[in-house]
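Structure record follows, encoded as structure tokens.
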């Protein structure tokens, strides 16, 4: 049973100043698949979801919020710009991003590496029955990119998975998580970890062995 969010002040940094400690870094990878569609629509915080199967390598990994870096293999038509410190909440008049399905066979531009914050767990506020890996990239994009390859380098843990009494409380905590991740990853020891794993973050040879459509179908069938 997930605990309620404690009514205590939060720290602006997560993880030791000296750098990632065991079990980090943790490496996951997969094609970006469709989730429940809540990230942009309800929370104003779009996510790039990858299949949770890679978590089987880390059976004791706690559900909660983490931070790290992602490498993305994107078509040249998809451009990103740095996001602000706090994700914006959409208004009814806001325009939506264009959804672009990116087959893994699409010619790709050189991969990009971005900071991220992510949730691993069951999202108790929404009563999910299956575990998910939902990544919010701290970068703004003009398009969605379902099917693109993603390498995830997790470097630290921010907090456990909480249950919330309101959507507003959940959104407030996610905004704070984003700021914690951004600040934590700017420390010298975490930038050094990014540099150390730079080659792995940009290695997408695995994408040619994956059928993104089939992977997505299997995950969605399991969640339904």
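Residue 1 is the first one shown; counting continues down the chain.
Keep in mind that glycine also has a Cβ here, set from the backbone N, Cα and C atoms.
Under the heading region 'Disordered', TrEMBL lists 1-31 (among others). For the region 'Disordered' (1-31), the residues of the chain that approach it from at least six positions outside its boundaries are 50-51, 53-55, 58, 61, 63, 67-68, 104, 122, 124, 133, 146-165, 169, 173, 176, 179-181, 183-184, 187, 189-190, 192-193, 197, 200, 206-207, 210, 212, 215-216, judged by C-beta separation under 8 angstroms.
The compositional bias 'Basic and acidic residues' feature in TrEMBL is assigned to 1-10.
Look at TrEMBL and you will find 21-186 tagged as domain 'Riboflavin kinase'.
TrEMBL lists 78-109 (among others) with the feature region 'Disordered'.
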DSSP-derived helix, strand and coil totals, residue by residue, for the compositional bias 'Basic and acidic residues' (1-10) | 0 helix, 2 strand, 8 coil
